[in-house]
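*Asks:* Provided herewith is a single structure, encoded as C-alpha cells, for subsequent inquiry.
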Amino acid sequence: MEVKPPPGRPQPDSGRRRRRRGEEGHDPKEPEQLRKLFIGGLSFETTDDSLREHFEKWGTLTDCVVMRDPQTKRSRGFGFVTYSCVEEVDAAMCARPHKVDGRVVEPKRAVSREDSVKPGAHLTVKKIFVGGIKEDTEEYNLRDYFEKYGKIETIEVMEDRQSGKKRGFAFVTFDDHDTVDKIVVQKYHTINGHNCEVKKALSKQEMQSAGSQRGRGGGSGNFMGRGGNFGGGGGNFGRGGNFGGRGGYGGGGGGSRGSYGGGDGGYNGFGGDGKFL
C-alpha cells in the first residue's frame, strides 16, 4: 500500500528535481535577483528559444523570457534570463559583447522593483558612493574590499578642506559599469568591520534629469521581469530606445542625460564641483 505524505509537505524528491534544473553544487540560497540579467536592445524577431540558445552557453538557465505586449503579442525589445548561480551570470557578463539574431544586445544585472524607482537606478555609471565609513578606514581598506569585484581606477576618501578630518564617505571608480551594478545589487557591505551604504555616484546633472523625469511620470517602471511594465510609458525598449548611460527608457524615448526613475533618498549624488550634495 502506497503511503502518501501529509498535505502541504514537500515530496521527498522535490529537491532532486530542483537540482536537475541546474542548481546542483551551488548554494540554493542565492537570491533570484542576483542571478537575473536584463537583456536590452533585442531584435523584434528574437524569441524565447533563440534568446535561450545564446545565453545558455554560459550556464544553466532557470528562466528565459522575451517581454511582449499583452494585446498585440509583439516583442517589446527586451527580455530577462535567469541563471542557476551568480557565477554563471559573471561568466555571461565577462563574455560581452553579445549578439543575438544578428543584433548586438545590452545585458545588465536586473534591478529589483524596490530599487527601480531610486535615482539613476538604470543609469550606466562606473563610480560608487560609499557612505558610513569610520575615521579609521583608509584607502587601502576600501581597495582591499572592492578589488575583488573588478579593476579599480581611483579611490577618493573625502576630507574636510579646512580641518583635514574625514567626512565619512568615499568614491570608488571602476573600469567597467558591470562592476558597479554587481556591487550595488548586493546591497550590504561590511568594510573594515563597519556596515556601509553603497550607491551609484551620480553627477548633479544626472540627478536633476532623473528628478525631472519622475516629475513627468516616466521612468519608474518594473525592471524585474515577467508581468510588469518597463518604463513609465509602457513603450518598447529596443530599436527605438536608448540603453546605456544616456537617453531614455521605454516610451519616453530620449531624455537628455538619463531619463530614469527619480527618488527622494538622502543621497543626492556627486556634484560637478567635486562636493557631496
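Each residue's number is its place along the chain shown, starting with 1.
Glycine is no exception: its Cβ is also placed from the backbone N, Cα and C atoms.
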*Asks:* According to TrEMBL, which listed range is region 'Disordered': 204-226, 250-272?
*Replies:* 204-226
*Asks:* Helix, strand, coil residue numbers for the domain 'RRM' (126-205) per DSSP?
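*Replies:* Looking at the domain 'RRM' (126-205) with DSSP, the answer is 20 helix, 32 strand, 28 coil.
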*Asks:* Could you put numbers on the helix, strand and coil content of the domain 'RRM' (35-118), residue by residue per DSSP?
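*Replies:* Going by DSSP assignments, the domain 'RRM' (35-118) contains 24 helix, 32 strand, 28 coil.
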*Asks:* Determine the mean pLDDT over the domain 'RRM' (126-205), rounding to the nearest whole number.
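*Replies:* When the pLDDT values over the domain 'RRM' (126-205) are averaged, the result is 95.
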